[in-house]
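Chemist: Let me begin by handing over the structure; questions about it come next.
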């Protein structure tokens, strides 16, 4: 009996991933369609978050990057449920999902107690590279105008494969995220 070496295992994983991509290729970007034999699950809660900078001053303890993946959509920043960067050029926030997933959409809850317009123009990027803090990864969607406290799902034009999801704001501004949900397609049991 032949034993599999690491190379063979990687080949099998890649083939399984390709079959998964083919199986979900009918996913529509403007719908919540989930293919048969698949479920959609927020995998961000399993990950580790980081961001370009922490808000300074007395509020820093209330602005950790992990607060945006704690499963809590509370949009009041003073409750310790939102991430918050400093006001600087090109802020970013990123979650490492700790493994590669097929991602259909990303759901963002905007800050509700103030400043809802700050997130306008943010890019949602998905991929496997940490180059330039994940900013070079392919784009899933762009955040348009969101009202304070709004929760909105951004569908990728096609399912995307990646380990890292980055929210990048290409301007000088604060980046505030009260919840980021990464909706991955997983085979149903």
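All positions are counted from 1 along the displayed chain.
Cβ coordinates come from backbone N, Cα and C, glycine included.
Feature table excerpt (Swiss-Prot):
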BINDING   70, 72, 81, 178, 179  Ca(2+) binding site
BINDING   84, 111, 118  alpha-L-fucose binding site
DISULFID  82-178  disulfide bond
DISULFID  114-115  disulfide bond
DISULFID  140-156  disulfide bond
REGION    40-189  region 'F5/8 type C-like'
SIGNAL    1-31  signal peptide
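Could you place these features in context, so I can see how deep they sit and what lies close by?
Modeler: On its own chain, residue 81 (Ca(2+) binding site) has 67, 70, 72, 73, 74, 75, 178, 179 as residues at least 6 apart in sequence with a Cβ closer than 8 Å to its own Cβ. Look at residue 81 (Ca(2+) binding site): DSSP puts it in coil.
Taking a C-beta cut-off of under 8 angstroms and a sequence separation of 6 or more, residue 111 (alpha-L-fucose binding site) has the following same-chain neighbours: 75, 77, 82, 84, 118, 119, 148, 149, 176, 177, 178.
DSSP assigns residue 178 (Ca(2+) binding site) to coil in the three-state reduction, placing it in neither a helix nor a strand.
DSSP assigns residue 114 (disulfide bond) to coil in the three-state reduction, placing it in neither a helix nor a strand.
A 10 Å cutoff on Cβ-Cβ distances gives residue 140 (disulfide bond) a total of 26 other Cβ atoms nearby, all chains included.
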Chemist: For residue 140 (disulfide bond), which DSSP three-state class applies?
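Modeler: It is in a strand.
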Chemist: Quick check: in three-state DSSP terms, what is residue 156 (disulfide bond)?
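Modeler: Its secondary structure by DSSP: strand.
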Chemist: Can you tell me how far the Cα of residue 156 (disulfide bond) sits from the Cα of residue 115 (disulfide bond), in Å?
Modeler: 26
Chemist: List, in sequence order, the same-chain residues at least six positions removed whose CB sits under 8 Å from that of residue 114 (disulfide bond)?
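Modeler: When sequence neighbours closer than 6 are ignored, residue 114 (disulfide bond) has 77, 148 within Cβ distance under 8 Å.
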